[in-house]
Structure formats: C-alpha cells, structure tokens
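A.B. asks: Starting off with a structure, shown below.
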Amino acid sequence: MKILDWSQLDVAARTDALTRPVQTVAAQTRNAVAALIADVRTRGDAALREITARFDGVSLERFAVSEAEFAAAEAAVAPELRQAMQDAVARIDTFHRAGMSEGYAVETAPGVVCEKIVRPIGRVGLYVPAGSAPLPSTALMLGVPARLAGCRAVVLCTPPRKDGSVDPAVLVAAWLTGVRRVFKLGGAQAIAAMAYGTESVPSCDKLFGPGNSYVTEAKQQVAQSGAAAIDMPAGPSEVLVIADAGAQAAFVAADLLSQAEHGADSQVLLLSDSDVLIDAVQAQLEIQLAHLSRADIARQALAQSRLIKVQTLDEAFAISNRYAPEHLILALREPRAWLAQVEAAGSVFLGDYTPEALGDYCSGTNHVLPTSGAARAYSGVSVASFQNMFSVQAASKAGIAGIGECALILARAEGLDAHANAVALRMGVAA
C-alpha cells in the first residue's frame, strides 16, 4: 500500500488520495441490462429460462424452491453452521427490534390532531448474490428486518448452481428468518423479475440487496422507471481505520484485509498519527497476505488503497467525515470518547476487539450499508427500510376556526384561491 503524509499533500493530491476506484458503467453494460429487463418484462418466465441457461449454465423449468429442497438444505448444512446462523438471527432481531419506529399523535392546536402512522411495505424483494461464494449472512441481514416490519409478501432471489440447486446455507438462512418464497434466479434478470413480475415471480414494491455491476445497474434502471424502489446506492466494499500509536498492528492489518478480499475494486484506508504503527501495519499486511486464499484479489484492492499519516487524530476525523466510509473502525485507546466526532459513516466499530467482521455476521447490526460516500445522506438497512410512514390530520369545527385564518393568509400570499376557498367555506367567511 502507498504511504502518504497528509501534511505534504496539496489540495489536488488530497482529493486524489480519497478518490475511490473509478466506478463507471459502460454503455455496453447499460444497454445489455436494459435489454434483459425489457425481455423479462415482455416474455416473463420464458425469458428467464433462456437468460438463466445462457448466464448460469443450467436449464430450469421451475424457479421456485420446493419444500423438499428446503428440507434437503436443512440436512446438508452442518449443525455448527446452522447454530451460528440461529445465534446471529437472535442478535440481529434484538438490535433491530429495539430500533423500530412507532407512530405518534399530537394535538398541534385545540381541536387539531396530527398523527404519524407506520405500515409495512406490502411486497419486498431480497437479492442474495452468489458470485465467488454464497452469502447466507446477507439473507439474514435482509430477512430479519423484513419479518419484523411485517411485510405481507417477502420474495428472495439467489443464483442457481450448475446442478440447478441453491446453496443450502442460503436456503437455511432464508428459512430461519421466515422467508419461504425463494427463487433460483440471479443477475439483472432476477431484479427485473421482482420489479415487474412474471408468471412465477410476484412483482415487489421495493428491492434490497447487493450484487455485481449488472445487478446494481438493473436496480437503478427499475427504480428510475418507477417499477420498484430500491434500498440505497450500491458500490464496492470499503473500510477506513483511524488508529493511534497503541493500536495492534496485526489487528489493523487483518481488518484492512478483510475488506480488501471482497473484490479488486474494494478500497481500504488507514489514518494514523503514528509512523511506527503505519510501518508495522505495512509489514503485517505482507505477512498475513501469504496465508489468504484470496490474496491476489486483496493485492489488487491494496494497490488502490492508502496508509495516510496525519498530524493529529482531529485531522483524521475531518478526513474520515469527508470520505464518509461504509465501515469506520476506531482503533483508539478511548474510542467512545471520539465517537462524537463521527458525522458520516455506515457503521462504526469501537476499539481493538471489535473487528468489522463481527458486524458482517453476528454482532446484531446490519451489514447492508451505504458505500461510495453515500453515508453522508443514507443509512444502513433497518426495519424502517421495510416500512412506509404517512401522516394523518383531523380538525374539528372549532379546530379549523382556530387555525383557518393562518391557512387563508398563506394561501392568499401564494395566489392559490381554491386553497383559500376550501378553508373559507368551512369557516363561513369570505375567501
């Protein structure tokens, strides 16, 4: 990894140091995704069969996972893995349940009551990618809050394997969260099916979950068309670590590598006021890389990542807030004392013994988080992501008499005569 001294960088160099790997969607990708979506929208299941055969190398007559397949998956998953997933579900449930939104009502004036009502989104679609490895943890992170929200229809799509089956761990994870409708579909075609619906796959109001560039582009296109809402902008995984001289270099290096191994386009950053620590982390990266099965991928990610020397920890937090990382690790002696300085991050990990991997799997927080700087305005997935909120107001005759004049003055100021008339008629006065 390249080592930089922040104090020696000019404005342009500082911007370059915090620039993420270029994420450009080629016109070819956009057009290919648009064609897939149009095909699925027009021909439904027939298109899904052809596309699945072409990209996944398997011919499927039926996309829905059967009860027998769920049972076979249950038998195939090792007991310790099932128990680990069950434990993770319990903690995810505990954390998300505590943060659930509730409606409220308030009398804003005598005879005028305003309310906020919370309702579950009716139909939601969850996407669990497979790629180079299945991700049952993503099924847990999406399935639990969907269940807590009370969504009446939850659909999950995940790519089939060459033999036409789905990874057993993903199926068990879905089952543990209460998801019973799982379809063997991957890629942009899965997103199109959940957005527009086919003979087999029901259309959904909102789509959730990560994926490759085709999945991400498909989510953007269906959202722009108004077919379905999506959870958040998606991008490659990233972590930023702020560490002081007392941090464990081996721990910091391990945390950087745990994100770097996600993909060649991932980015990891270390900000520290200690030259000694930065050098030690650099050495640890090489030591630990030698033992990683995905070392080649991690090295590609490290090539576009940085170890940055700062003058003070205050400066480190200013840089971090500018970057707005998906994951922020505070490898500091008094991490909670510094938490107030965090303004933008998807999820924060405090201290030497809170690796980002805990949040990925089983601490209880959600690992579906905003990336690419979106943490400045977006939050990670929660129960609220699966809910709608709408307002209600009720005014009595005395209530409108009390506040109607306010409405009349504002309506006249805006030149909206019909607005004024709607109030004046009820008050028995001239508009």
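Positions of Cβ are set from backbone N, Cα and C atoms, glycine also.
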A.B. asks: Just to be sure I read the record right: S237, Q259, H262, D360, E414, H419 are listed as binding substrate in Swiss-Prot. Which of H291, H327 is listed for the same site?
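C.D. replies: So the substrate site in Swiss-Prot includes S237, Q259, H262, D360, E414, H419 plus, from the candidates H291, H327, H327.
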A.B. asks: Using the centroid of the Cβ atoms of Y127, Q189, N212 as reference, list every other same-chain residue with Cβ within 8 Å of it (recorded NAD(+) site), in sequence order.
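C.D. replies: Apart from the listed residues, the neighbours are P129, C157, P159, L185, G186, G187, A188, A190, I191, G211, Y214, V215, A218.
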A.B. asks: According to DSSP, collapsed to three classes, what secondary structure does Y127 (NAD(+) binding site) have?
C.D. replies: strand
A.B. asks: Sort the binding-site residues Y127, Q189, N212 by C-alpha distance from S237 (substrate binding site) and give me just the closest.
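C.D. replies: So, of the listed binding-site residues, the one sitting closest to S237 (substrate binding site) is N212.
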A.B. asks: Just checking, which of Q189, S237, Q259 (binding-site residues) has the fewest C-beta atoms within 10 Å of its C-beta?
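C.D. replies: The binding-site residues Q189, S237, Q259 were compared, and S237 has the fewest Cβ atoms within 10 Å.
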A.B. asks: Given H262 (substrate binding site) and H327 (active site, proton acceptor), what distance in Å do their CA atoms have, once rounded to a whole number?
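C.D. replies: About 13 Å separates the two Cα atoms.
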A.B. asks: Specify the count of other C-beta atoms within 10 Å of the C-beta of D360 (substrate binding site).
C.D. replies: 20
